[in-house]
Structures are given as structure tokens and as C-alpha cells.
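Novice: Sharing a structure here in C-alpha cells format.
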Amino acid sequence: MPGVTSERTASRFDAIPGPLGLASASLEGKVALVTGAGRGIGREMAMELGRRGAKVIVNYANSSESAQEVVNAIKKSGSDAVAIKANVSDVDQIVSLFDQAVKVWGKLHIVCSNSGVVSFGHVKDVTPEEFDRVFTINTRGQFFVAREAYKHLEVGGRLILMGSITGQAKGVPKHAVYSGSKGAIETFVRCMAVDFGDKKITVNAVAPGGIKTDMYHAVCREYIPGGTELDDEAVDEYASTWSPLGRVGLPIDIARCVCFLASQDGEWVNGKVLGIDGHAMM
């Protein structure tokens, strides 16, 4: 079902709130590029952009099959899409990605930077290799995606970076490297919003919390005391208590906010980090 990328049996925590593809934030005539769009949040972002009328460049690093599934789904929704392979840990590949992207439909209006990796570990155990792995993709990669976005976006375009609830006011044990890599994104946004102003491009970030992707259960257990002893349904039950709304977040929750920022409705939102966590109190 839309918004869920795993193969397991759906539960009440998978129910999507409200109908898909409402026209309130139409993106007809726009061209969007989404990095890391083959799975999880990036997948749903790409699909929702397509549902709202945008043509979508579906970037992926490894699985061409997953990326093609997203392309097919976007085409089925009535829009158009192509998949382009590039690993955002490599700046040369980022440059090539944008060069290829603008050649597809001749322009680019929206860039959504989504690629990222997660990491847990006490500070005393963090190796230079692990630090570099996380910052190379989550921080350095997003910076150079932003650099190329500035060069290639049309005047009045949109750049949306990917932060995290842990990069804001959440102190999570054994999460310093990941949280730090995401905290830097918030500073990028504030500074880039100024630099991008001469092209009338808005720069914002979304900061998701507890979103149910294919890696959700494994990662979520790290936030729950004794989480390794819980089955998937018990993880959902526990995680749902973090929000006063009594549910867990879904990729579509992030995708809808991204589409708002990408649309005309988000014109006057600039230099902001939008927390999307259901007011989670972890």
C-alpha cells in the first residue's frame, strides 16, 4: 500500500490519514529531482510529487529494480518519470546526476535531497571510518547536492534538504554522529536561504521523527528500552505512545509536507526546518 515499503502484513498503524494526491498543492508543469528515491521516504516523496503533477527524476544508488518500480508508479498516476543512478557520497557523480537530469526535460524546478544513512554507537566506540561514512552522505553529500541545485534550478525553484528530529532538541544516547550529521543541515538551510536568494530559490529542510520505512523496526528498537525483545507490532504500539496523536509516522506524512514546500503554497517559507514528528516526546 502507498506509504509502506516493507513486505510484511499491514496493521492499523499503516493506515494513511486522508486521500492521496489532493490538488491543493498542484505541481503541474514542474520537474523534480529526488535523491535516494528508490526506497523509504524518498520513494514516497517521488511518488507524491508525481501524483501532484510533477515530472520526476528518480535517483538511486544501488537498486535499479526498486527505482524502476517508482518510475512505473509515477507514470501510472498520470505523470512522467525517469531513473538515474548516482551515489551522492561521490561529488563527481552528483555533478553528473544534475547534468543528466536537466537534459531529460530541459529544466529543473524542485530538488529534494533525501539520501542518508543511520548510525548508533557510544562516542567512545566511534571509529574515524564510521564518522566519515555518516558525514560523507548525510552532510557532505547534501551540501554538494545543494551546490548543484543552485547551479541548475530555475529561478524561483525549491530546494528541500533532509534533517532529523535528532538534529533538533532530542538528546538520544549513542546517536552523536548521526545527530551531528543532521544538525549541520539546519545551519546549511539558514545560510543557503540567503545565498540562494539571488535566484529566488527557497531553501528549507524537513526533520522527520519515527517514520515507518523498511528500516523502521530495526532502527526504532534502538530508541526503546529493551527494544530488541519486542516484535514488530509491539514496537509499533510503543512508538505510537510518543505522539499525542497515538500513531506512528508514515512516509506519506513527510511527502505531503515536502510537496507543500515545493508548491506555490510554500512560496514564503524560506530558511526553515519543519519538524514532522507528530509532536513526538521520546
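Using N, Cα and C of the backbone, Cβ positions are placed for all residues, glycine too.
The shown structure was predicted, so the numbers you read here are calculated from the model rather than taken from an experiment.
Pulled these from Swiss-Prot:
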ACT_SITE  Ser164  active site, proton donor
ACT_SITE  Tyr178  active site, proton donor
ACT_SITE  Lys182  active site, lowers pKa of active site Tyr
BINDING   Ile41, Asn114, Arg147, Tyr178, Lys182, Ile211, Thr213  NADP(+) binding site
Novice: Might you list, by sequence position, any residue in that chain lying six or more from Ile211 (NADP(+) binding site) with a Cβ less than 8 Å away from its Cβ?
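Specialist: Once residues fewer than 6 apart are set aside, Ile211 (NADP(+) binding site) is near Gly40, Ile41, Val248, Gly249, Leu250, Pro251, Asp253, Ile254.
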Novice: Please tell me which one of the recorded positions listed here (Arg147, Tyr178, Lys182) sits closest to Ser164 (active site, proton donor), measuring Cα to Cα?
Specialist: Lys182
Novice: What whole-number value in Å do you get for the largest C-alpha pair distance within Ile41, Asn114, Arg147, Tyr178, Lys182, Ile211, Thr213, the residues recorded as binding NADP(+)?
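Specialist: This binding site's residues have a maximal Cα-Cα distance of 28 Å.
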Novice: Just name the winner among Arg147, Lys182 (the recorded positions) by count of other CB atoms within 10 A of its CB.
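Specialist: Top count of Cβ atoms within 10 Å goes to Lys182.
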Novice: Between Thr213 (NADP(+) binding site) and Tyr178 (active site, proton donor), how far is it from one CA atom to the other, in Å?
Specialist: 17
Novice: Does Tyr178 (active site, proton donor) have same-chain partners at least 6 apart in sequence with Cβ under 8 Å from its own Cβ, and which are they?
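Specialist: For Tyr178 (active site, proton donor), the qualifying residues are Val118, Ser119, Phe120, Val134, Asn138, Ser164, Thr166.
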Novice: Which of Ser164, Thr213 has the fewest nearby Cβ atoms, counting only those within 10 Å, among these recorded positions?
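Specialist: Lowest Cβ count within 10 Å among the recorded positions (Ser164, Thr213) is Thr213.
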Novice: Under 8 Å between C-beta atoms and at least six apart in sequence, can you list the same-chain neighbours of Asn114 (NADP(+) binding site), or say none if there are none?
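Specialist: For Asn114 (NADP(+) binding site), the qualifying residues are Val34, Thr35, Gly36, Ala37, Ile41, Gly42, Met45, Met162.
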Novice: Any idea what the Cα distance is from Arg147 (NADP(+) binding site) over to the residue listed as 'active site, lowers pKa of active site Tyr', rounded to a whole Å?
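Specialist: Their Cα atoms are separated by 17 Å.
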Novice: By a simple count, how many Cβ atoms lie within 10 Å of the Cβ of Ile41 (NADP(+) binding site), its own Cβ left out?
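Specialist: Other Cβ atoms within 10 Å of Ile41 (NADP(+) binding site): 30.
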Novice: In which DSSP state, out of helix, strand and coil, do we find Asn114 (NADP(+) binding site)?
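Specialist: DSSP call for Asn114 (NADP(+) binding site): coil, neither helix nor strand.
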